[in-house]
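Chemist: Structure incoming, see below.
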Amino acid sequence: MRDRLLAAEKVKAIDWRDDALYLLDQRVLPFEEVWHRYTTAEGVAEAIRTMVVRGAPAIGISAAYGAVLGARARIAEGGDWYPALEEDMQLLADSRPTAVNLFWALNRMRDRLMRVKDGDDPLVALEAESVAIHLSDREANLTMAQLGADLIRRHQGNLQTVLTHCNTGALATGGFGTALGVIRAAHLEGMIERVYADETRPWLQGSRLTAWELANEGIPVTLNADSAAAHLMRTKGITWVIVGADRITANGDVANKIGTYQLAVAAMHHGVRFMVVAPSSTIDMEMASGDDIIIEERDGRELLEVGGQRVGAQVEAFNPVFDVTPADLIDAIVTEKGIVERPDTARMAQLMSRKHLH
């Protein structure tokens, strides 16, 4: 399966070369393929904030490379450069507060810096660590793809009709994808009849990105309005809802793109299995439950302006980016460390105690 997944890979969103970070601008896909070059931590932070790059794993990887760029500039300035680099890292951390992968990656970079020995080049060490973060995410996605496909086969061996939300493919990660990685693997094994992709308002990641990725790989995909999801479960034989995650708490609650919670509620009502796919770096064992997650809100103009015209001077907007799905609505969380079925605090702790990959 690994070789088949590698052969099928067609999309990437992050490239590190020539001492610079290149990001595919996901705001203009699928109409244009525009790459931006970044040479400063400030530039990378702005790219994360403005969603040039998005998806929790991709954000973490980009932040790690941003830390390298910050270190290069601060070291070149001379003197006591570490406090200035910490300011750069804080700027990166503030760019998207919900995605725990961002903080995980920056903490790894800090830890690596603390382990640099006298006489060694800290910049070389940081660059190696950022590349390792990128490659390990790619490897984790390959592992999760196989584990998720195996889980589908174990529960339902017939052809599957899957519903997914937002974008969780190669564009959102270091390669292959999380939820879309599982869908890719299941398709290669002949288990996918059709994928329904929520359009995912207001940024339309489903219609702009997910449908584009799936169509590029020849996976049958139908785009649907977010509000059609429950109707699809009732009338189109949906067998699985498969989504990613931006943060998973110690009890198995999942923060993901706004609209995920209502999918889980509808799936429970219709007897549709609900799978979350995310690397272990998304799991925050320091956070007890989803009640503690700070939910990012974006500019209300994303909802209030239609065709460049404001809908009403007195109208206000509520525009949260994420919601929290309680663990008791989730059938399985798939990580590179293994699978947790019917997640709870004890099962999550057991998963995270494992020191090796599955």
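Yeah, the Cβs are placed from backbone N, Cα and C, and that goes for glycine too.
As annotated in Swiss-Prot:
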{"type": "ACT_SITE", "residues": "Asp246", "note": "active site, proton donor"}
{"type": "BINDING", "residues": "Arg54, Gly55, Ala56, Arg96, Gln205, Asn256, Lys257", "note": "substrate binding site"}
{"type": "SITE", "residues": "Cys166", "note": "site 'Transition state stabilizer'"}
Chemist: I'd like the number of other C-beta atoms within 10 A of the C-beta of Cys166 (site 'Transition state stabilizer'), please.
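Modeler: That number is 29.
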Chemist: To the nearest whole angstrom, state the Cα distance for the pair Gly55 (substrate binding site) and Asp246 (active site, proton donor).
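Modeler: Cα-Cα, rounded: 7 Å.
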Chemist: Across the listed substrate-binding residues, Arg54, Gly55, Ala56, Arg96, Gln205, Asn256, Lys257, what is the farthest Cα to Cα distance, given in whole Å?
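Modeler: Overall maximum Cα spacing for these binding residues reaches 17 Å.
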Chemist: Please report the Cα separation of Gln205 (substrate binding site) and Cys166 (site 'Transition state stabilizer') in Å, rounded to an integer.
Modeler: 5
Chemist: Considering only the recorded positions Arg54, Ala56, Asp246, Lys257, which residue has the minimal Cα-Cα separation from Cys166 (site 'Transition state stabilizer')?
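Modeler: Ranked by Cα distance from Cys166 (site 'Transition state stabilizer'), first place goes to Lys257.
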Chemist: Hey, for the substrate site built from Arg54, Gly55, Ala56, Arg96, Gln205, Asn256, Lys257, who else sits with CB inside 8 A of the CB center?
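Modeler: Those within range, site residues removed, are Ile59, Ala99, Cys166, Asn167, Ala172, Gly244, Asp246, Val321.
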Chemist: DSSP on Lys257 (substrate binding site), three-state: which is it?
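Modeler: For Lys257 (substrate binding site) - judged by DSSP and reduced to three states - the answer is strand.
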